[in-house]
Amino acid sequence: EQEAGMTKWLFFSVTICVLGNSFLYGYNIGVINSPASLIKTFYSQVYLARTGNETVYNPSDKSLYYAKDDNSSTVTTTLAPVVVVTLGPKGTTIPSNDTPPVVVVRPQGLARSPDDIDKDNYIEIMWSLTVALFVFFGMVGAFTSGRVADHFGRKKGMIIMTIFMFIAAIFGGITTMVKSPECLMVSRVFVGLHNGVTVSLASLYLAEISPKKIRGAIGTCHQLFITIGILWSQIIGLPDLLAKWESWPWLFAFNAVPALVCLVAFPLCPESPRFLLIKKADEDGAKKALVKLRGTFNVENEMEEMRIEARKANTLEQFTLKKLLTTPDLKMPIIIACTLQVAQQWSGINAAMSYSTFIFKQATIAENIIPYVIVGQGAINVIATIICVPLMEKLGRRPLLIWPMCGMVVSFIVLTVCLSLLQSGNYQSSQTTLGIVCIIVMMSYIIGFAVGLGPIPFIVCGEIFRQEPRAAAMSLALAFNWICNFILMLTFRFIQKAIESYTYLIFIVILVAAIIFIVIFVPETKNRTFDEIAASIAFGRARRGARHGQDGEELQPMGGGQRV
């Protein structure tokens with residue numbers, strides 16, 4: 001019973017871990033969404049200035065600047081009124097009393113380039129790349145996370161990675177100052193590298209410092225702070241706060257704040273005792289860390305469990321990716337881990353978060369209302385994840401995966417029907433009602449994800465492997481997560497343009513397939529040791545063994561006689 005308690009050092013370590021890593025991952029999923037129109041306008045203006053079609057001045061400081069263009073002879077922008085001035089041979093002087101904040105200057109007699117016809121597609125590609133670069137380099141980081149975790153350690157690895165976030169904050173903050181979209185893209189590259197490594201390390205660290213009986217609840221904190229990060233990005237990204245023409249780069253510079261907290265506070269936290277004992281053979285260090293985390297010197301039972309696991313690990317060679325993929329006993333755990341990560345990303349959640357502005361526009365929601373609807377979406381995400389924390393240990397992993405996913409399927413079916421009716425043009429009188437229904441079903445979809453597919457894949461992936469292959473397996477599984485995320489982020493807007501309201505049918509099919517897989521293969525892991533869980537999984541009998549106890553004693557939870 002002693003090991004099940006939360007202590008001040010365990011609470012502090014979990015908080016710093018998730019604030020400096022999980023929070024930043026969620027923040028950078030959501031931060032790109034709120035200033036989307038501002039960033040795309042900025043890209044458009046820089047493109048026009050660089051191609052010579054327009055030279056643009058900001059009358060507030062008379063410096064070279066940018067403006068949005070379209071295919072007509074006038075220039076329009078949602079940011080501010082504009083004035084078009086035709087330049088003579090010697091140019092023009094902008095009067096000091098000009099009130100419009102953006103003035104567009106078009107050289108006299110300059111014909112529009114044929115490239116201007118494709119400008120919108122060019123800007124869309126640039127925008128998709130900005131979103132997708134974060135995910136692509138997250139995938140690169142995920143592939144290296146196993147080596148970082150085993151070489152530097154869980155805690156030290158996360159501390160080292162904060163350097164990447166400081167670099168990202170600098171590049172993101174100077175984007176408009178140096179008039180370079182490339183700076184924002186570089187920022188997203190470093191953010192992706194940081195998040196790709198630290199999402200894996202944070203999941204490992206939380207799983208390895210947690211007492212068995214609250215491991216699921218602490219693991220859920222990872223997803224909880226991801227949702228809090230998303231919500232915070234949506235709040236400070238409101239048009240009334242930082243989502244303004246002059247201040248949107250500060251949204252990306254903010255990355256330095258949680259990174260600084262992590263850099264200062266994380267060295268005070270103990271390293272993972274399992275890493276110290278099993279990977280580094282540092283029994284004294286492991287015991288000190290465990291005593292600090294548990295708040296008691298009575299840790300011998302847990303130390304003995306780790307010694308047994310360490311002896312097993314010492315008889316095995318280091319797990320490389322090749323060994324991971326060729327070890328027969330690990331085939332089913334790897335399939336489960338990777339399938340859950342694929343299901344998490346291709347359920348459509350990051351498309352819903354990163355492109356929520358476009359989705360609600362598709363539902364004909366008024367543009368001035370959309371930012372506040374998105375904040376409401378983020379708040380519901382956080383609340384649902386908080387509710388999930390106690391449910392994780394009461395209901396178990398499987399029920400919280402299966403039933404909420406069924407609700408997500410129903411939500412997307414209703415969303416598809418509503419969007420189809422709106423786009424048919426035959427239900428103009430019901431437009432407001434259908435728009436409200438779209439908001440409601442998107443919120444219900446978010447709730448379903450927050451309770452199930454959000455936290456549980458990270459938890460299960462950390463639970464179904466023994467210590468020796470765990471870091472490599474987590475690295476592989478999270479690489480799948482990032483690959484699927486990258487593909488989705490890069491293609492979603494183009495798929496949405498091509499098939500419009502029927503886009504969500506793709507996610508429905510994936511969710512149904514994932515539900516079937518989980519029902520058949522994914523075992524319950526609640527209240528069981530890592531060894532018990534790993535021993536219970538064999539290809540084709542995970543569900544049967546987990547539910548009916550056909551693996552005998554291995555399936556019994558510690559401290560209880562009932563079978564899981």
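Each Cβ is built from the backbone N, Cα and C atoms, and glycine gets one as well.
Copied over from TrEMBL, here are the features:
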type	residues	note
DOMAIN	14-526	domain 'Major facilitator superfamily (MFS) profile'
REGION	545-564	region 'Disordered'
TRANSMEM	9-27	transmembrane segment
TRANSMEM	125-146	transmembrane segment
TRANSMEM	158-178	transmembrane segment
TRANSMEM	184-207	transmembrane segment
TRANSMEM	214-236	transmembrane segment
TRANSMEM	248-269	transmembrane segment
TRANSMEM	369-389	transmembrane segment
TRANSMEM	401-422	transmembrane segment
TRANSMEM	434-460	transmembrane segment
TRANSMEM	472-495	transmembrane segment
TRANSMEM	501-522	transmembrane segment
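The highest tally of CB pairs under 8 A with the transmembrane segment (214-236), across 158-178, 401-422, 434-460, 501-522, is held by 434-460. Beyond the transmembrane segment (434-460), the same-chain residues lying 6 or more positions past its ends with a Cβ under 8 Å from any Cβ of the stretch are 199, 203, 207, 215-216, 219-220, 222-224, 226-227, 336-337, 340-341, 343-344, 347-349, 352, 356, 359-360, 363-365, 373, 376-377, 380-382, 384-385, 387-388, 391-392, 397, 400-405, 407-408, 410-412, 414-415, 418-419, 421-422, 427, 477, 481, 522, 525.
Between the transmembrane segment (472-495) and the transmembrane segment (184-207), the number of CB pairs under 8 angstroms, six or more residues apart, is three or more, so the stretches are in contact. The transmembrane segment (158-178) is not in contact with the transmembrane segment (501-522), judged by fewer than 3 CB-CB distances under 8 Å for residue pairs 6 or more apart in sequence.
A Cβ distance under 8 Å defines the sequence-distant neighbours of the transmembrane segment (501-522), meaning residues of its chain 6+ beyond its ends; these are 332, 335-336, 339-340, 342-343, 346-348, 362, 397-398, 401-402, 405-406, 408-409, 412-413, 415-416, 419-420, 422-423, 460, 492, 495, 540, 542-543. Sequence-distant contacts of the transmembrane segment (184-207) (same chain, at least 6 residues past either end, Cβ-Cβ under 8 Å): 14, 17-18, 20-22, 24-25, 28, 32, 39, 129-131, 133-146, 148-149, 154-155, 157-158, 161-162, 164-165, 167-172, 175, 215, 218-219, 221-222, 249, 252, 255, 272, 458-459, 461-463, 470-471, 474-475, 478, 482. When Cβ-Cβ distances under 8 Å to the transmembrane segment (248-269) are tallied for each of 9-27, 125-146, 369-389, the top count falls to 9-27.
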